[in-house]
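If you look up Swiss-Prot, you'll see H47, D74, E78 marked as Fe cation 1 binding site, on the strength of similarity to another entry. Summarising the annotation, Swiss-Prot assigns Fe cation 2 binding site to E78.
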Amino acid sequence: MMKQKYYQSPAEIASFSPRPSLADSKAVLNQAVADLSVAHSILHQVHWYMRGRGFMIWHPKMDEYMEEIDGYLDEMSERLITLGGAPFSTLKEFSENSQLKEVLGDYNVTIEEQLARVVEVFRYLAALFQKGFDVSDEEGDSVTNDIFNVAKASIEKHIWMLQAELGQAPKL
């Protein structure tokens with residue numbers, strides 16, 4: 001008498017439904033890699049070129065923002081690799097592919113103007129993360145979807161706090 005098999009191996013289960021290519025999710029992840037790399041550079045510039053009232057508070061806060069951005073960069077790069085993609089990894093690739101544009105540092109820019117620039121960068125990232133959320137949802141990629149959702153929630157909170165510091169509503 002032959003024993004009936006009631007379970008299947010993970011490979012057999014995975015073979016039931018072929019995984020989609022997730023091309024759009026990979027494209028948005030790579031866009032995020034480029035943009036997060038440039039965002040880090042912009043935050044670093046704000047950190048270095050900041051002068052005036054509030055310096056002692058905002059200078060270390062930029063370190064916190066950079067650390068958070070670096071965490072998203074690493075997570076999204078590694079997710080892209082996990083999906084079979086190849087993340088941008090050179091300054092040239094970041095610069096050519098990022099939608100964020102860098103400007104020369106200027107000590108004459110006020111802290112308020114610097115913070116407004118950070119808000120502008122964070123608004124762009126929040127919109128990009130929303131796009132990543134939508135695309136990964138359409139492709140059924142729940143892990144990438146979660147990554148974008150968590151990142152967007154945190155960035156939106158930073159926008160709210162920065163806008164409050166600037167005496168403005170968050171306008172999300």
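The backbone N, Cα and C atoms fix where each Cβ goes, glycine too.
Distribution of Swiss-Prot features across the structure.
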residue	record	Cβ within 10 Å
H47	Fe cation 1 binding site	17
D74	Fe cation 1 binding site	13
E78	Fe cation 1 binding site	13
